[in-house]
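Pulled from TrEMBL, these are the features on record:
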- 1-27: signal peptide (SIGNAL)
- 53-74: transmembrane segment (TRANSMEM)
- 81-97: transmembrane segment (TRANSMEM)
- 103-123: transmembrane segment (TRANSMEM)
- 144-165: transmembrane segment (TRANSMEM)
- 185-204: transmembrane segment (TRANSMEM)
- 239-259: transmembrane segment (TRANSMEM)
- 279-299: transmembrane segment (TRANSMEM)
- 311-332: transmembrane segment (TRANSMEM)
- 352-373: transmembrane segment (TRANSMEM)
- 385-403: transmembrane segment (TRANSMEM)
- 409-430: transmembrane segment (TRANSMEM)
Amino acid sequence: MRVSTYAALCAVLCGLANLLVYTGYEASVFIGESVLHSVSGREPQRIGAHDGYYGMAVSNAFYMLSTLAVPSLMNYMRCKWILALSGAFFTFYFLSFQCLNRYLYFVASAVLGMAFSTFNIGYGGYLTEFSTRQTMARNQAMSWAVACFSVFGAGVVNFIVTTINLDENGITSKYREYSDTEIRYFFAVFAFLGVLGIAIFVFLPNREVNDNISASNIRCRSVKEQLSVMFSVLVHKRVLILVPFYLYVGMFFSFWVSIIPTAFQFTKALSLNVYIPAYYAISFTAGSVIMSLLTMKMSTVVDNFSFKPQMIINAILHILIYALTVCMIPQWSTVRPNDEPSLLIEPSVFPVLVLAFLIGLADAANYITRNVISSLLLPTRRQQMFGASRFYHGLAASILFFASPSLSIYSYAIILTVFLIVSTIVYLYTCEYIQSEEQKISYENSS
């Protein structure tokens, strides 16, 4: 099999497994806070009203901490087995909702954090096994073009399960409510998708291609050495410069995957439409696919498109997103059900679709730019670089979720815009540094 065909096959299969596992995860996060808010309304002793946010904070805290040690697993198993382990962790989290209570939920949230770290380290590592410097951006975009349909899948699952349960359970108040039966149906489907993802991870191809990026990575021989190297990477001056960017990516992911869908279901004008999460997911997917296809095309036309050009486009998209959210979402819909008026734009399906489409474009750009620059910043410590980027991602997300019960939509817009400006500046500076270093090496090799 030709190397290019093999790489495309690996990228598509890995993206497909990612699609299945993250379909369940993203569908669960879309409704998580609303689900727990519904259960708390019926049985406050069983779960807290804002435990959805606190659970995500716990999962991101464990994600951050486990990221320090998870790269050492690569000394004992191939990346595809690390991915299979992550699928098992995700499936455990989904199954915990069959007997939901506060203590089990927070334990499962901690396991979910470990699912994130094992998945991201395994996923980034697996992609580098069949990618070279020239094909990295293309393979990343190709895999992501498949994987980003997970949000579409989340919307489809939400639509189907909601429709099946609508006659019996429906909306029991003027805001979206979830019955215990509906919750069990939802999370049983998510667990089934997790099992399918595990099966694909187990059968991923193992061959490495010549001049692949992972070959230059120096692996640690023990957990102690891994922790030492990981800490050194976390405080490396090149990494510290990019910390605002990594923090921002973590906050933005938390914002679109949980805060925004929750705000929709807490807004009276939108919550009466039980299919809003499905519409949001479908429109988001359209944006992600278009950005992935654009990246694949432009990467063959513009040198280093995923450096400065894509980041500038990304910054503009994010500004539009925050402007639209402030204009459309009532101030406190992020925290509680309400029927307060929006600032300028009446909440309805059309602006939701526009917002979701912009978020899809921006999230795909975030993902691609982060992985590309992380794979090039410290060539001999790429796995630790992937870990460092996720460490700061988890740190930012954990802090944001712990603060979420006190933050309005205006607070989110201000905080995220400030970080966006700083992260754009440091990203562009780092791109300039990497390009100058590569030119210097190229000149020395040709002399």
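Even glycines carry a Cβ here, placed using N, Cα and C.
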Region pair the transmembrane segment (144-165) / the transmembrane segment (185-204), three or more CB pairs under 8 Å: yes
Region pair the transmembrane segment (81-97) / the transmembrane segment (185-204), three or more CB pairs under 8 Å: yes
Selected stretch (most C-beta pairs under 8 A with the transmembrane segment (311-332)) from 103-123, 185-204, 239-259, 385-403, 409-430: 409-430
Among 53-74, 103-123, 185-204, 352-373, 385-403, stretch most in contact with the transmembrane segment (239-259) (C-beta, under 8 angstroms): 385-403
Distal contacts, the transmembrane segment (352-373) - CB-CB under 8 A, six or more residues away: 124, 127, 136-137, 140-141, 144, 148, 151, 242, 245-246, 249, 252-253, 256, 260, 264, 270, 276, 279-292, 295, 306-307, 310-311, 313-314, 317-318, 320-321, 324-325, 328, 386, 389, 427, 430-431, 434
In contact by Cβ distance (the transmembrane segment (385-403), the transmembrane segment (103-123); 3 or more pairs under 8 Å): yes
Remote residues contacting the transmembrane segment (385-403) - C-beta distance under 8 A, at least 6 residues beyond either end: 53-54, 56-58, 60-61, 63-65, 67-68, 70-71, 113, 116-117, 120-121, 124-125, 230, 233-234, 239, 242-243, 246-251, 253-255, 258, 370-371, 374-375, 377-378
Beyond the flanks of the transmembrane segment (185-204) by 6 or more, those residues with Cβ under 8 Å of it: 10, 13-14, 16-18, 20-21, 23-25, 27-28, 31, 35, 80-81, 83-84, 86-88, 90-91, 94-95, 97-98, 126, 153, 157-158, 161, 164-165, 178
